[in-house]
Each structure stands twice: as C-alpha cells, then as structure tokens.
Amino acid sequence: CDRRFSRSDELTRHIRIHTGQKPFQCRICMRNFSRSDHLTTHIRTHTGEKPFACDICGR
C-alpha cells in the first residue's frame, strides 16, 4: 500500500494489518492480538480490573 511512516514501530504495527500477524496471546483464553495494548485491555475482562475512576462521582 502507499502508507508511509516517520517511525519504524508504526510501520511494524501497520504491516501486521496486511500479514494478519497477532504475536500477543492471552494466557488465559489463548486469544491473539496484533498490539500489546489491546492484550492489556483484554486481560482486564478476565481480572475484573477497572483502573480508571471518575473524579467527580468516584465510579
């Protein structure tokens, strides 16, 4: 494709779209992800962790 990037890590992440590569695997359910931050967010579905709270109401 014609996409260009200023950083090599952005290119690496983009290439995964074309190749379908998903190198990050959840150890609990074995689901695979192309990005580590997506895996981190997914793991919270297993742990129930909710690290962000509203400053106004505390929920």
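Yeah, the Cβs are placed from backbone N, Cα and C, and that goes for glycine too.
Look at Swiss-Prot and you will find Arg3, Arg7, Arg13, Arg31, Arg35, Arg59 tagged as site 'Interaction with DNA'. Under the heading zinc finger, Swiss-Prot lists 1-18, 24-46, 52-59.
Features recorded in Swiss-Prot, as mapped to the structure shown.
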residue	record	Cβ neighbours (10 Å)
Arg3	site 'Interaction with DNA'	10
Arg7	site 'Interaction with DNA'	8
Arg13	site 'Interaction with DNA'	14
Arg31	site 'Interaction with DNA'	13
Arg35	site 'Interaction with DNA'	13
Arg59	site 'Interaction with DNA'	6
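Beyond its flanks by at least six residues, the zinc finger (1-18) meets 34-35 of its own chain at Cβ-Cβ distances under 8 Å. Using Cα positions, the member of the recorded sites Arg3, Arg7, Arg13, Arg59 nearest to Arg31 (site 'Interaction with DNA') is identified as Arg13. Following the DSSP three-state reduction, the secondary structure of Arg13 (site 'Interaction with DNA') is helix.
For Arg35 (site 'Interaction with DNA') paired with Arg13 (site 'Interaction with DNA'), the C-alpha to C-alpha distance reads 7 Å.
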